[in-house]
Every structure is written in C-alpha cells, then in structure tokens.
Amino acid sequence: MNCNYFGICASCTLFDKTYEEQLNYKIQREKERFSNFTNIDFDIIKSNESNFRNRAEFRIWWEKGENNKEILSYAMNDFKKNILKINSCEMVSFHIKELMPKLIDELQNDLELSFKLFAVEFLGSSTKDMLVTLIYHKKLEESWIQKAKEIEKKLNIKIIGRSKKQRLVLTNDYINETLNISNQNFFFAYEENGFTQPNTNVNVQMIEWVLENTKNSSKDLCELYCGGGNFTIPLSTKFRKVLATEISKTSIKSALRNCSLNKIESISFIRMSAEDFVQALNKVRAFNRLKDINLDDYEFDTIFMDPPRSGLDDTTRNLAKDFENIIYISCNPETLHRDLEELTKTHEIEKFALFDQFAFTNHIESGVILRKLKD
C-alpha cells in the first residue's frame, strides 16, 4: 500500500507484508484453525489493496501554527497509542480520500465549525452519495446550522452535527446505495448510525457467494440478525417467503425501507431478539410483535445467521440444528469454531469461504454452508 503512514499508523497492523502475503497468512491461519472440521478447499474473496473503505472515522487534532493560529488535522493512533496526525488515508474510498482535505480546509477557515470539533465520520456509497457527521464538545447553535449548510452545498455532501444530547440532521440521515449483485441491481439506504459493511466490493462478493451456493427453494428462509437487509433482500429471490429478525430498532427501520426500495413483498421483518424468536417458534410463549404473523404459515428449510462477534448462544445453536440448510456468516473465527463444534454434530460443511474485508489487519470474515447429515 502506497501510504505515507503505513507502518506508523496502528490501523494497519500487518504493514510488514505485501497484500498477498498478509492474505496468505490469514488463509493458512484459518485453515489450520478449522482443520478438525473440514479439508475442503476454501473459497477466497480478496479485497482491493487500497481505497476499499466506504466508512471511516477520524479524530480531529488541534495545535498552534504560525501567528498562534489554530491548525486542524485528522488524527489516528500510532503503535504506542500516541496521537498521529494525518492528512490522508489510503484505506478509504477515492471519494472519501478526495473529500478529506477539502473538508478540513473548510472547517479550518471557520471558527464556528471548527471550535471544539473532536471527530469526523464519513459514510459513502459507490453512487457518490456522502454523509459526514461532525462531532463536537459544545452545544450547536443556529449559527452552526447556517455555516454547515453552506459547506453541504459547496462540497455536495450531507452533514449531521452531533453533540451531547444533540443530533442535528441538515438534509437527511442516510445515503443511497445501488449494489449490482449477480447482474441485478439492489437498492439500499444506509443510515448514519446503522451498521453497514465498510468494504463495498467485498460485500457484493460475499452476497454473490451466498447466492451462488444457495439453491432455489419452494420453501421459506429464516434469518437471525438480519441488520438492514443486506443479505435478506438479495436472498429473498431464492425462497418463497422470508422471516427475518433483528433486535436493533434502527436496523429494522432500514430493513423496511430497503425492502420498499426494492419492491419486495415476500419478506417479513420482526424486531425481536434471536432468543425470543426461538421461544416464539417453539411456542413457549406468545409475543405481541408477532400478532400479525402466523408462524404456522412458514415451511422453513434454510436458516441464515450473521451474528455479532459473540456468535450464537445455546438456544440459537439448537434452533439451527433443526434446519436442512445452515448459512453462517461470521466476523469472529474463534466463536465460529466454537459454534461449529455443535453444528457439525448434525450437519456437514459443504462450502467454506474467507472474506478479506479489512486488508492489512488480522481480521478476516468467514462464510460456512452446512447441510443436514442423512440418517
């Protein structure tokens, strides 16, 4: 990676390797980790070597310059956890990279916008829609709104101002994204404080990998931890109906909007924890949130799960064992390994993929497809 801060900024921990070297290091590490479960070839989804992140956050650093003038810089940590001032980042998308110096100049030249600013968040899309969140240690007044609106117009971006107990949305709080997945366009609105996959190119390939390895079914899909519908919406093309659950209110709001954007009517989204949903499926207790949904109308043959780093709990692992097909996307190989110890008692691994979402870091994501063992 051609970066002025490579090997200094602590964001890229595998700085001593080329892209292929760091990828091979992670591949071999994970093959060894999962060798007790399978010896099949892993599918490998590579990242671009640079400019792959459509989401980024930087601190703002102030210092005195010539004539005692306050100078603003973006900042990260170095490997000793000291402040490292930066003026660019090669991990972020070209659009964010291009915007960074323009934005800091505009902020620098206006005390109303720069005073007590301590962080900036960027959320971009492949459609060049851009949302910038400015985070302050001060109350934001009407004068700030007027100044920020000028920057919105000049830089063709959307701005949100945040401070303690304040969230000022100047235009709207989401960006529009179009993903071409298996030669079909899908439309998404990504919210400022919602979860999105930061590496758009790898995200598309992750979804395509799932679709390519999922047969068309006349039955239904159950999804846990659906987020904003990133996988749900494309996967709905493979099933009669989809029932998807998510605990986050923000994510459910996004999922419903995204479903509407794609004119899909075969998905029902429920704001409910995975644990409560299992109780509902097993008829342990009734839930008001399911009053308009008859679970007996569903004939599930596949479960899709994309859990947080903590992985599955005992309840969801036991639920998954009842399905013919399990699709498991994991952001933590340690908890995936733990979960597979149970899931492989009833299912066999058919496909295994590694997704290099975060190049030059130790992190790698995984995808596993399992089929029920025949009696």
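Note that Cβ sites are derived from N, Cα and C of the backbone, with glycine treated the same way.
The record from Swiss-Prot ties Gln197, Tyr225, Asn230, Glu246 to S-adenosyl-L-methionine, and of the options Asp306, Asp313, Asp314 it ties Asp306 to that site too. Within the group of recorded positions (Glu246, Asp306, Glu365), the Cβ with the highest number of other Cβ atoms inside 10 Å belongs to Glu246.
Cα of Tyr225 (S-adenosyl-L-methionine binding site) to Cα of Cys331 (active site, nucleophile): a distance of 13 Å. Taking CA atoms as the reference points, Gln197 (S-adenosyl-L-methionine binding site) and Cys331 (active site, nucleophile) are 11 Å apart.
Between the listed binding-site residues, namely Gln197, Asn230, the fewest other CB atoms within 10 angstroms of a CB are found at Gln197. Rounded to a whole number, the distance between the Cα atoms of Glu365 (active site, proton acceptor) and Asn230 (S-adenosyl-L-methionine binding site) is 15 Å. Tyr225 (S-adenosyl-L-methionine binding site) counts 22 other C-beta atoms within 10 Å of its own C-beta, drawing on all protein chains shown. Annotated pair Glu246 (S-adenosyl-L-methionine binding site) and Cys331 (active site, nucleophile), C-alpha to C-alpha distance, rounded: 17 Å.
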